[in-house]
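A.B. asks: Could you have a look at this structure, given as structure tokens, before my questions?
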């Protein structure tokens, strides 16, 4: 069972490591408002004018023998670490080394800027106990000197710094002294083409790497040099020669050279390294496809952790990619093991790099130091065989890469916009000096503080993110308004518990721990898990713990257990990435804060606090001694931590119930909204359907007169009405002899854009006329048509047309025949006294009945059998009505506002031609006079008849407008005579001076079909005597 559990654990660990780890959050955060209290060095001496400043251009800092050395441009400053500093750090000594004017002039002649033609100190080493070795760029002419450590006075001769110091301050270089010899790595020419790892000084011969050989070095950037055992290790990054086909791929490298290397023979590798080997450093996130951090930024010296010698290195992504940084740890034994592995070679310039088989490796093995256990018979490297020397010359690259501990980064930082560039380690942190704390510096002036936790195997397997600090002081470090936040170097001094952080314009002294921020809050002090801080029981405050402290204190570095400790109200330390409180901690604001807290039941009055004249910035500086005198600021309940937590089961149930209730509520809301919309749509559709049916029943017979003849409103105050040709005067006769308006004119807006405009057709007044019903009306018309069938037509001019005369059962007749006497005209066009609509309707009904009886008697007297049969047959036959009508008069005709009278004259001649003629009389006669004229015409001719139906559209005084065109219809008769029947319509052009005897009454249609071409014929007023049906 135990073995299965272990197997499951390692499987889960493997899968957990396969994914990309997330960034850890800091326990504590210190912003710039708090760290600006730290002392700053800007190049001043004590007692001097502090307002004057000059550009420092700090290149590096070092701590030697309790003294901080600051290497800058043209100067070296020393600072006594033991001297306490409050606001500003003053230098104790200052060394000035400026370039000679001749070197400056030469530098300017080579095209360099005057700011570059200075002496930038790039090498500052302790040569021995009494001397310093210093090298500078010296206006692109590197030079080196020796100085006394205590007085900073030069001694000895100045010598060339070529291959020891770079020409340009921007170029990277490393150097160290080992066994009295200087090992340096830099460039040796003005153009920085020849990169070299160089050994000089001392009794050993000068050695260097092979010149202009990309297999040895290809555009390297040197980071660190480490002395370990029999070798000197150089850490750098360069363009990977084994990946030339993929472009400029940069790999981190580690190279080794033997300390006792004396160079090769006179034939091979003379005055060159015979032990130079290099290998790749692997710092990547494991997975199916490894994610590599290839830009090496900084490397520590060899440090000892739990009995193992390791180096810590910071890596980052390329500068043209997304920012990301990682810290990897390497065991020195792993590095040495790689250099004893297989070599890598390229057989041809176009081939890939492959491992070299072991049988091809010569003896003695290349890369070993002379006099070692495997090369005891070779006292010096000059005695190596040529095969060994030739092989090491062409095969300096190892096949395998140096793996990091646990094959994964020790720390990752990928969700930020900066890269980690510097590193400093305290391997004896805490009161018992048993913890390892790492400080990482970034290019944005931010320092990250980590606790290195050691696993059971003795290797680094986890890290604890303790603190994040923003230490750059913009007020004191900016120069000419420019803020350069890149960290140039970090030096840790364990004796003073300080970390010196160097920028290009200043140096800031940062305490290793910020214990005073916790004040008298025990919970935050323990939860910070800072090895430098502890809860002092005697003073009841969180204080810094010095090594071998005899004070009684409490710490919990491994777990940070705070069970039973109450919350604090006077701490703004961020725990687990979140600020626990933002209450101020300065002495001047404590009383004000306490008063506001007590008066409001535990809530601090921030407005009162900020408005107080004695208050300071809530995020301002805090002194460590201010918290010792505070009273009544801490509120601790001493409740068990688990009592304040919510059970996971209850939390899960609450979440599920909240989700279900939200889903139900959402469903009900959606249903209600959809149902409401569905009802609205149904109501709209029902209304549209009813409106469609009403329109369909009225459109074929209803005409909007106001839209047809113009937009001018009638003078009659009565509302406008739609007129129908089937009902007299637009009114519907009801059994009660009451007239009703059919349809209001403003209820329908007909599309009459194709009809004449108001400019050509004046406005007509509308009126309605009662009707006796469509069925009775049709019988009367059929009887009248029957009585005129056998009568000879009256001679009149006929206008021919090609349009046939058709009748359709579904077509509402627009041309009907009515017997109209001359009294009808008088009724329509002569001003009469107003009478009620009921009286008018009764009078018209009597006239219609009289006409019907007269026609019937006439038919019976003329031809009894023929007339009766004809009358009976016509009751069931619809009238023959032309399908196209509604000709309009010319625009220039004189119109009247009294009403519109349309009449068609029908003449029977010997050729049986029927002529429909429309005329508009100007004079109206009485009905009795009309009847007399009709009887007189019947005595002259019994075969001709003129019947007129008068449709009045208004009660105005003026005559109706004349039509604009004439439709002529010619019908070929089927009678034996072979004569044609012609129906014509034409306007009256005689200014309405004569009145026709009888005619056909036409009604306007709603919308005429395609009109024929207008044709005009002279109006003939000569008529033959006709016989009217009596």
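Every residue gets a Cβ built from N, Cα and C, even glycine.
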A.B. asks: By the record in Swiss-Prot, which of 65, 950 is the one labelled N-linked glycosylation site?
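C.D. replies: With Swiss-Prot as the source, N-linked glycosylation site is noted for 65.
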A.B. asks: In Swiss-Prot, one of 629-649, 650-670, 671-691, 692-712 is tagged transmembrane segment. Which stretch would that be?
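C.D. replies: Checked against Swiss-Prot: transmembrane segment maps to 650-670.
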A.B. asks: Out of 33, 943, which one does Swiss-Prot list as N-linked glycosylation site?
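C.D. replies: Of the listed residues, Swiss-Prot records N-linked glycosylation site for 33.
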A.B. asks: Among 282, 937, which is the one flagged in Swiss-Prot as N-linked glycosylation site?
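C.D. replies: The candidate carrying the N-linked glycosylation site note in Swiss-Prot is 282.
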A.B. asks: From the set 581, 952, 998, which residue is assigned the annotation phosphoserine by Swiss-Prot?
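C.D. replies: The phosphoserine feature in Swiss-Prot corresponds to 952.
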A.B. asks: With residue 434 (N-linked glycosylation site) as the reference Cα, tell me which of the glycosylation sites 33, 65, 282 is the closest one.
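C.D. replies: Checked the glycosylation sites 33, 65, 282; minimum Cα distance to residue 434 (N-linked glycosylation site) goes to 65.
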A.B. asks: Counting across all protein chains shown, how many other Cβ atoms sit within 10 Å of the Cβ of residue 33 (N-linked glycosylation site)?
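C.D. replies: A count of 13.
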A.B. asks: Given the glycosylation sites 65, 282, 434, which one is most crowded in terms of C-beta atoms within 10 angstroms?
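C.D. replies: Answer by Cβ density within 10 Å: 282.
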A.B. asks: For the domain 'Sema' (24-512), would you mind checking the mean pLDDT of the predicted model?
C.D. replies: 91
A.B. asks: When DSSP states are folded down to helix, strand and coil, where does residue 33 (N-linked glycosylation site) land?
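C.D. replies: Its secondary structure by DSSP: helix.
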A.B. asks: Between residue 282 (N-linked glycosylation site) and residue 65 (N-linked glycosylation site), how many Å separate their Cα atoms?
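C.D. replies: Given the Cα positions, residue 282 (N-linked glycosylation site) is 36 Å from residue 65 (N-linked glycosylation site).
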A.B. asks: Could you tell me the C-alpha distance between residue 33 (N-linked glycosylation site) and residue 65 (N-linked glycosylation site) in angstrom, no decimals?
C.D. replies: 33
